[in-house]
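A short worksheet on the structure shown next.
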């Protein structure tokens, strides 16, 4: 079932404002087979979760294009492992058929698409069965060397579209300036230079002057050639019944232009009519709007810099080691890093980047992982340790066996997570959505009412003629007010207020090792007033070590640990791993084989049961023993109390229903844990610790870190219940955990924060992932979310304030008292500036610095 649910991403061209995104989102959401659709104006992308049995990616593209927008496929979600190859050589029908059949016959190849015109073949495959080098070799050998394949070099689709768009707007703006500057000079500057004024006022035909004719000629290409994109956008918007920003621009500029044409033509046919034209209004409006769009796209491009930086971490080349049949290295070869296949062995030299996720099979070194995890200290690596692609090798030479390549790599998954986060909407954005639905129609209506009110007032002589500027009549004055209202209104700023801030914040968070899964997580995090901490792996380092063993029966220590380790070997719990690691130390051989454990049962938060050799073994806490009807001697209870007072965890081992020993495990508290809890208190956030451990250990840990409210011996479901109880009392709750047993609570909390070194289940369940596993990042996540929402609120204050104040001023509310009026071209410039200012205000988040915690 889950295999049929895919995530498709589309780049959508032509969206001008929030109204456009709402329209696209609505039609996608209404499509059969679509479970969820999110459309972001800031990224101009749509993310669609769909059932491929009901609808295909091509049908989704068609749905978008029926609304009047252009949709370009980024990914269908079907082919996580996909490669584009360029084919050089003889490419006729026969060779195309040979290439298709040969590649399709390879095990692991799922799909092949060949574009002969572009000489490009796109292949989807299973990385565990084949890889790009195999595909290239097959193409070459199948065609007897007549066709050679190589990586198809093509810029990232989104970047390509952005560069094209930036270039188009820059060229359009520059061309508009060539025509608009003379229009501006002839209408507003040269009129004050006597000898130029005389030339411009010279009559060409009846009352039509040279200046009017020049302005008409110069403004026409700006209106209809350079400004054609606004006509196209307005036409499509009206066809789908959803007027947008393009409609306002087209109405405003057309009104100014065609009234000017009427006025000039009337002057040309009259011997006494003095015309007044607004050609400078239409051409300057279009020029300023193009400039605003150009600056807006440039600024929006910077909001996604974090993704570009992440993608640039992967090295361009890698050194592939070649082995003989006996496993000896016989040579090395430099290859494109995109050609790495699963199980390849890659050599990483000092100062070089790790080209792929994998594990060390030879050598030792220190690796700087700060670019992925944000952890500044280099991490020691030796045989058996895992490495992450994109990190930097510091000193020694490493041989690494590739495990996760291409889209399966950690880097690719982080990029996907950040991309999804930047599209995911914050609930506060619904406010902008509701306004945008009625904004444009209301502005058009208000503009018409403004013109009508001033025109009627002029006809009824409700204001003196001295109010009317020279060379204007009441109709022209009213017209100017109406146009100003239409072009000053800006729904774009409202639409960009939230997504641009969320985009920058998620990118900044990722660069600091805090992966935030979208606007919902950010909005919830900034409201948090209570944090529930798990103990093991969260407040403590999460790598417990055995510090003491008490045997209560006569038996050899190594034999005791053999039974305990055999029972615990299948458990993922950190305490179980500590027991197994300690047991290994009692055996001289490196890979000791433990006795087989049959009928293994793991009870989360309590312990494990298994049959090992000839004995029934139970390893767990006191509650687990009691629930298993095992009698606990008073001597054992005394030892457990002693260990609890020393902040140690006592694990009881029972064999054949009799307690035979106690293993004392200690898990060191994380550095700065006390300082983090104190800082959270200064942020008015209460800290609570919930753990499955015993009360004695929990109280000792709580006292050391400064947490007063503690819940111990809690099952996973009890952790979730406590979170719900806190929520019912009106608290906004965050849960910080790292294990499978924390997943129910992470899901139940308003915000789930998973420690990055924890389990995949916990990370999947969380809203925010702390890659560095540092507690300080809990503060970073909450502080960043608060600062982000401060920016969002300020964006809304500016966007709403701008419209609430600007529209009445444009309508002439100040004119009766001060004779101040806003020319339409100034109103247009203000509209363009409002969107740019919102984006720039969000971009200031790029300079965010996390709070510094001073160690005591």
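Using N, Cα and C of the backbone, Cβ positions are placed for all residues, glycine too.
Range 243-262 is the one annotated as transmembrane segment, of 143-162, 243-262, 303-322 (source: TrEMBL). TrEMBL assigns the feature transmembrane segment to one of the listed ranges (120-137, 264-281, 282-299, 336-353), namely 282-299. Among the ranges 398-417, 418-437, 438-457, the one that TrEMBL lists as transmembrane segment is 438-457.
On the 0 to 100 pLDDT scale, the model's mean across the domain 'HMA' (6-72) is 84. By the Cβ criterion (under 8 Å, sequence separation of 6 or more), the transmembrane segment (282-299) is in contact with the transmembrane segment (827-848), since 3+ such pairs are found. Counting same-chain residues at least six beyond the ends of the transmembrane segment (172-193), those with a Cβ under 8 angstroms from any Cβ of the stretch are 200, 211, 214-215, 218-219, 221-222, 226-227, 229, 277, 279-280, 283-284, 286-287, 290-291, 294.
Only pairs six or more apart in sequence are counted, and the transmembrane segment (438-457) with the transmembrane segment (796-815) gives three or more Cβ pairs under 8 Å, enough to call it a contact.
Here the transmembrane segment (477-497) has Cβ contacts under 8 Å with residues 16-19, 21, 41-42, 244-245, 248-249, 251-253, 255-256, 259, 278, 281, 285, 296, 300, 432, 435-436, 439-440, 443-444, 446-448, 450-455, 458, 467-469, 792, 795-796, 798-800, 802-803, 806-807, 809-812, 815, 821-824, 827-828, 830-831, 834-835, 837-839, 842 of the same chain, all six or more residues outside its ends. For the transmembrane segment (796-815), the list of distant contacts is 431-432, 443, 446, 450, 454, 467, 481, 484-485, 488-490, 493-494, 497, 821-822, 827, 830, 834, 837-838, 841: same-chain residues at least six beyond its ends, Cβ to Cβ under 8 Å.
Per-class residue totals from DSSP over the domain 'HMA' (81-147), listed helix then strand then coil: 24 helix, 22 strand, 21 coil.
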